[in-house]
Amino acid sequence: MEKCKRPSFLMGLFLCLVVLSATFPYCFAAAFSKPNPKKFGSSFVFPVDGNVYPKGYYHVSLFIGQPPKLYFLDIDTGSDLTWLQCDAPCVKCTPAPHSLYKPNKNLISCQNPLCASVNGPGNHHCEDQDQCDYEIVYADQGSSIGVLVEDTFPLKFANGTVVSPRLAFGCGYNQEIPDPNNAPYTDGVLGLSGDKSSIPGQLRNIGLSRNVVGHCLSAQGGGFLFVGDDLLPSTGVSWAPLLRKPTDDFREHLSLGPADILFGELKTGVNGVPVIFDSGSTYSYFSIQAYDVLLDLIKEDLKDKQLKEAKGDGSLPVCWKGPKPYKSAVEAKSYFKPITMSFRKANNVQLHIHPEAYLIATKHGNICLGILNGSEVGLEHVNVVGDISMQDKMVMYDYENQRIGWFEANCDKLYSVDGNHKVCFHQPHPADIAFPTEQWCPADILLEK
């Protein structure tokens, strides 16, 4: 059971990766070839849509089933299971951009090893041998209840190979959303934690790609996501070891701690705290100790400056009004200092969070703090680096080598895989149903291999 998912403010390749991607398709300059089951393929690249504010989530467009149907999935590196809202029939579903997924005699049995992986140690009980039931409970008390099914995922590798593996995912027929007015307008969640039951884990298990996930979320909206290790650079990356423990407690499952937190060049006294990276969280969350210290430092630093508290904004708990309305956080960043996390078990490798990566500009023209009090959503001692603080960084989850890495990047541009297989932007046309041919590459940026 997942215990920490997208809290409040959270819920957060293809066919040119297989069928025309609905909003921001890519295509690849490479020839078609038959898959080789004896060795790993290359990488899958997914265009990403969405933003931190005002949408509050990033999603990918995937085609699933036979015939393939389009679905929008909230990307979540803090979650194992991928699930779709499902007509099984649906007991309670939220508004979604596409029709509900309909299972067709494709249930996964309770004896399937993936069923035990999804439910975790001590929670795997077979009341019905013919199906695998699951329940995911989120920190904000949102939840999804359903059964596991399997269906085809048509995919196209960056090297041109076309595959249609059958993968397991959740058919969610009962969803609880604490704040329906702020629910993401998606069809479900794409679990990317790297566990055996996750999509990357399953692709690795059948030999199609390495168990590596990366994303580049643009502060302007959009970006891209990849599965596989082709886009991993050999230099210029800050790596920290991924600490996994044999427990179903999410807060211990994916941790980079301990880390010391600095405000500008100042040591805050907040030391040795556990940290997780979670693309399923829109904003970042600090434990109450770290949050109180940070907020006091920010308020003290803003004294005698032109920013005044804007208590009536309502977008986030802490906001400020400037001498003029702000259209972006960048316009107000000079008033704030960067925050740094220094990871002790990685030779003090540092994650620098610039002001524009922890602030938002609201529709009212105010600036709000995008780091929230985690104790208010049940996170206790854990500190979450959410989407807002990962913007304009390439963040890579290398589950093969149990590490997470990052570097500053322009997420409005997609990098080429290598000199022979360029990953290019695609100019979509309504008639493109399968693999479009027109393409353009605004920037061919080669990552070292």
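Numbers run from 1 along the shown chain.
Cβ from N, Cα, C; glycine included.
What TrEMBL lists as active site is Asp76, Asp278. Here TrEMBL flags 58-407 as domain 'Peptidase A1'. The signal peptide annotation in TrEMBL covers 1-29.
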Cβ neighbours of Asp76 (active site) where a neighbour is any other Cβ within 10 Å: 28
Overall pLDDT of the domain 'Peptidase A1' (58-407), taken as the mean: 91
Pairwise CA distance, Asp278 (active site) versus Asp76 (active site), rounded so that it is a whole Å: 7
Other CB atoms within 10 A, centred on Asp278 (active site): 27
